[in-house]
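Here's the structure we're looking at; comments come further down.
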Amino acid sequence: MTIQIYAKTLTEKTITLDVETSDSIHNVKAKIQNKEGIPLDQQRLIFAGKQLEDGLTLADYNIQKESTLHLVLRLRGGMQIFVQTLTGKTITLEVKSSDTIDNVKAKIQDKEGILPRQQRLIFAGKQLEDGRTLADYNIQKESTLHLVLRLCGGMQIFVSTFSGKNFTSDTLTLKVESSDTIENVKAKIQDREGLRPDHQRLIFHGEELFTEDNRTLADYGIRNRSTLCLALRLRGDMYIFVKNLPYNSFTGENFILEVESSDTIDNVKAKLQDKERIPMDLHRLIFAGKPLEGGRTLAHYNIQKGSTLYLVTRFRCGMQIFVKTLTRKRINLEVESWDTIENVKAMVQDKEGIQPQPNLQRLIFLGKELKDGCTLADYSIQKESTLHLVLGMQIFVKLFGGKIITLEVLSSDTIKSVKAKIQDKVGSPPDQQILLFRGGQLQDGRTLGDYNIRNESTLHLFFHIRHGMQIFVKTFSFSGETPTCKTITLEVESSDTIDNVKVKIQHKVGIPLDRQRLIFGGRVLVGSRTLLDYNIQKGSTIHQLFLQRGGMQIFIKTLTGKTIILEVESSDTIANVKEKIQVKEGIKPDQQMLIFFGQQLEDGVTLGDYDIHKKSTLYLVLRLRQRRYDF
């Protein structure tokens, strides 16, 4: 059922919207964008003093007929965050949500002189990765990050062995860095004592140090002159006990299992299934009060010879939950409380077809992203709970030779992080990559969403050529009134802009910049683009047309229907045109967006570059200039 609601801006303007209560907040923002031209990412909607989340519906917030929402605009500018050091010092930074963690570290270096490679940034207990953005981690205005320093100089640590091992000394001294991984340290011990890493157990302050996840000495708080204890892993078999809890449906006697410390929990479950015919998916193992994860080893949990595990049977008791997409679609699923999030994603895939694939799905419950290895019960998800589905996407990158690579991304990924993914696949450093989409070059700090790059879009990848090349320009030189066709040779680089090329032409044959129009492959070349953008290579020929001087009339049409008549020249830049509009209408250039044939016009480009002729009509859209208010 359609209802009418209102969105009120801080300037007291009221926007009337026709909606359904099942519409998501994201859909409502899209309706506002269609009506007012305000981009989705600049909108904040407030109801009853609460900011509304994109993935939830109007009904979720009890928004009914003739309710009024308040629309607050997000400024494109930055925000302030805080970085706190371990000494208690707080650093204030001006950032944007699209800034990468690398950018933030560079800002810290500018303020404090700390090299980025010495910095580790922590937020909500999680270490932040360089290629990701602040938005990826939901870091908002006035959030606090924690800065931990990696010591770049070497340090000394001691490794003490238990009695019974005939080392050359009871204590080893190792030269290490705080950024060394546990795996590195074990390799150093192997170099000194010949003891294989998989035979070593390192202990610090009663905690075993594991090689999983590339943990470092700094991660475990190990500093200069700290002492680790080294114990040996016995490679022979050992016996452990598995005890049934009283309420299990499998009430047979307790079990003895022959295992190795390197066995995973899944291996142990498989042994139980072989021995007692207990299906693997119907039981969980507990040790020291903690559920054991399938991919971890017995050694990880410090399970040793004679240890006792407890077996808990998981009864089948199906329930129904709902998964809601951003397009308002609701998917009903029959699940068990011990189904993993990975299982749930597979069910979504089965119901919805090939897409969305599990690896492209993000499931959200109570504002928290759910991890694949955890169960519904771990998140207290019960009968008729609603999860929210946010989709990642696959995009394609086409290389110059025709090869296509596939990337898994989020629309919030920056172009810089996409280049890092490409480097992982093809080995090309990001600073040598140029990515194009719909003919435009993508800027590192912007996101895929900023460029409206969607699932299965194709980007084109070119590489910076580091050396010069020769191209030809077929041009006109003038003697009196008679034009003479002439071909000139230019020394250029693929990174040269079209404006640079025009300057070289002016130096060679004297044709003024504002009277040159360059064409390649039937396309007019835009001044700010590079030769590489147009795939102009060694030996290519560009055609130069001579622009005659002389005025012309064009029309500027506003969204209110008003038409403005301007006297211009084809050599006028878009910035010049905006100034003429300011003189006529008093509208500042930075509040103007000019559109021609659906394309936004760039300030530094000329009317001639866009093939705008006499009596052409441009459309004028005003940029809203709002203050930002925070509740």
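Any Cβ shown, glycine's included, is placed from N, Cα and C.
Look at Swiss-Prot and you will find 3-78 tagged as domain 'Ubiquitin-like 1'. Here Swiss-Prot flags 79-154 as domain 'Ubiquitin-like 2', drawing on sequence analysis. Residues or ranges marked as domain 'Ubiquitin-like 3' by Swiss-Prot: 155-237. Taken from Swiss-Prot, the feature domain 'Ubiquitin-like 4' covers 238-318, and the record attributes it to sequence analysis. Per Swiss-Prot, domain 'Ubiquitin-like 5' is recorded for 319-392, and the stated evidence type is sequence analysis. Here Swiss-Prot flags 393-468 as domain 'Ubiquitin-like 6'. As annotated by Swiss-Prot, domain 'Ubiquitin-like 7' applies to 469-551. Summarising the annotation, Swiss-Prot assigns domain 'Ubiquitin-like 8' to 552-627.
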Legend entry - Considering the domain 'Ubiquitin-like 6' (393-468), which listed stretch of 3-78, 79-154, 552-627 counts the most C-beta pairs under 8 Å: 79-154
Inset, instruction - Quick one: find which recorded stretch in 319-392, 469-551, 552-627 has the most Cβ pairs under 8 Å with the domain 'Ubiquitin-like 1' (3-78). - result: 319-392
Legend entry - Counts of helix, strand and coil residues, the domain 'Ubiquitin-like 6' (393-468), according to DSSP: 18 helix, 29 strand, 29 coil
Inset, instruction - With DSSP as the yardstick, break the domain 'Ubiquitin-like 2' (79-154) down into helix, strand and coil residue counts. - result: 18 helix, 28 strand, 30 coil
Legend entry - Confidence summary (mean pLDDT) of the domain 'Ubiquitin-like 8' (552-627): 83
Legend entry - Secondary structure content of the domain 'Ubiquitin-like 1' (3-78), with strand meaning DSSP E or B: 18 helix, 29 strand, 29 coil
